[in-house]
Amino acid sequence: MASTLFIIPAVLFLIRLLLLVTLHFLPGGVDPVREPVSDYAVAEEKRTRLLATAASWSAALAWISLGLTVLLNTVSGDARRGVGFWLLILGVLLAVMPLVPTDRSGSQTTLRGRVHLLFAVAWFTLAYATIGPLGRLLSPSSHELMGTLDTVAAIALAALVISLVVRPLRRRTFGIAERAFILVVTVAPLIASVDLAVH
């Protein structure tokens, strides 16, 4: 399935990672331990909000381009086409999320904030669910690495859910668990894109 087109999502996922890291060094009043990454999009500083939006759009474009490239490199009836379809859905979901920003932590809950939360749950679910199927498209060494990342993502997702359910943990672990999960589900398709470009 090797194709140089897979370089495009690889570059976009790398940009997404760099933007996410940069967000944590900008002012904006977001506590990385207690508050979700989506709070950067509603931060006090305009520069932080713009960078958060750019990070979301780069992720959306990365998943859409990965999905399209998988679809372009498979034939009708190939089981791998399903992965490409779900990657496209994941990208479209991320493209819509900046249009429905979250409610800032500590503020009153709105309908818009609840819709954002539903989108976030769907995004987290699809991002996790595509790691295993993506791994099956890769070379043996990358497939093994994706298996490890799948396990790490499951642990981070479980920690995230526990942090939401067990209220005393929320202020101590939620932001860290969410960031660990987002890191893994960004690194996994980056690795997949690079592997598919060269093998």
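Placement of Cβ uses the backbone N, Cα and C atoms for every residue, glycine included.
Annotations in TrEMBL come from automatic prediction, not curation.
According to TrEMBL, the protein has these features:
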type	residues	note
TRANSMEM	6-30	transmembrane segment
TRANSMEM	50-71	transmembrane segment
TRANSMEM	83-101	transmembrane segment
TRANSMEM	113-131	transmembrane segment
TRANSMEM	151-169	transmembrane segment
TRANSMEM	181-198	transmembrane segment
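For the transmembrane segment (83-101), same-chain residues at least 6 beyond its ends with a Cβ under 8 Å from one of its own Cβ atoms are 38, 41-42, 53, 56-57, 59-71, 74, 112, 115-116, 119-120, 122-123, 126-127, 129-130, 133-134, 137, 189.
Listed stretches 6-30, 113-131, 181-198 were compared with the transmembrane segment (50-71); the greatest number of C-beta pairs under 8 angstroms is found for 6-30.
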